[in-house]
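Quick look at what Swiss-Prot lists:
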- H4: active site (ACT_SITE)
- E24, D26, D84: Mg(2+) binding site (BINDING)
- H40: active site, nucleophile (ACT_SITE)
- C44-C50: disulfide bond (DISULFID)
- C46-C189: disulfide bond (DISULFID)
Amino acid sequence: IMGHMVNAIEQVDEFLNLGANAIEFDIDFDKDGIAQITHHGIPCDCGRKCTKKAIFTEYLDNIRQVTTPDDPKFREQLVLLALDLKLQRISSAKAYRAGEDVAKKLLDHYWQRGNSRARAYILLNIPLVEDYEFIRAFKDTPKNEGYESYNDKVGINFTGNEDLDKIRDVLEILGIHKQVWQADGITSCLARGTERLKEALEKRDTPGYNYINKVYAWTLVRKSIMRRSLRLGVDGVMSNNPDRVIKVLKEKEFADKFRLATYNDNPWEKFRG
């Protein structure tokens, strides 16, 4: 269960207390591709404040503590951090610079170049395939600085509802055949059909298809849509209301089929039910 738009530091505990075991936050860049703040901006989801924010490096310092065992702030349930990268607000020519910058800030403030025991997995949410140079830069940077092993903790996800074969082609260009999630969804204000979601799930379940390991639906607020997504077999949901998802998961239809992922589960492995 991914808590959606958790951009203020005080919201982290708020969403974890509602039952989320993953959080998504938005990263806003300046015109040169430097990550500045966690901030969504207007417009955003119905019934949500769009303007909450924090300085990105301060957010990382806090979330490092929340995901470090034995730290006073540690919350065991938080296993995945989804970085919603607002690359559509900057020139595609700056995507590589942005990837370098985000990777360096994670190296310095989250992983602390080997001195941190923070353990969450990282999911890079890329809005459009045209920004794929961000991924190349993000993977190059730890490698160039002697910390390539951190790339094992990082997954890729394209969030713009683009053609799945087009996404596969870009992953092929990048040489990525593992650690790939696929999102499908729309703002909670609008309805969305299931055609593309079903296609993504079908590809995930195709033997030998290495370009989708997990599929999640976003942003779900109505229990009926949560049930619909679970019946289709999604691996996760993003929601403004994690507590509602928890209630649905406890229903007789789902209680024996689904459980919340823990740190012992590998987010890059296909689940074989």
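A Cβ is built for glycine as well, from the same backbone N, Cα and C atoms used for every other residue.
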Please name which of the recorded positions listed here, H4, H40, C44, C46, is nearest in space to E24 (Mg(2+) binding site), Cα against Cα.
H4
Give me the count of other Cβ atoms within 10 A of the Cβ belonging to C189 (disulfide bond).
13
Hey, which of the disulfide-bonded residues C44, C46, C50 is the loneliest by Cβ count within 10 Å?
C46
Just name the most isolated of the active-site residues H4, H40, going by other Cβ atoms within 10 Å of its Cβ.
H40
Tell me, how many other CB atoms lie within 10 A of the CB of D26 (Mg(2+) binding site), whichever protein chain they belong to?
23
Neighbour count (Cβ, 10 Å) for E24 (Mg(2+) binding site):
24
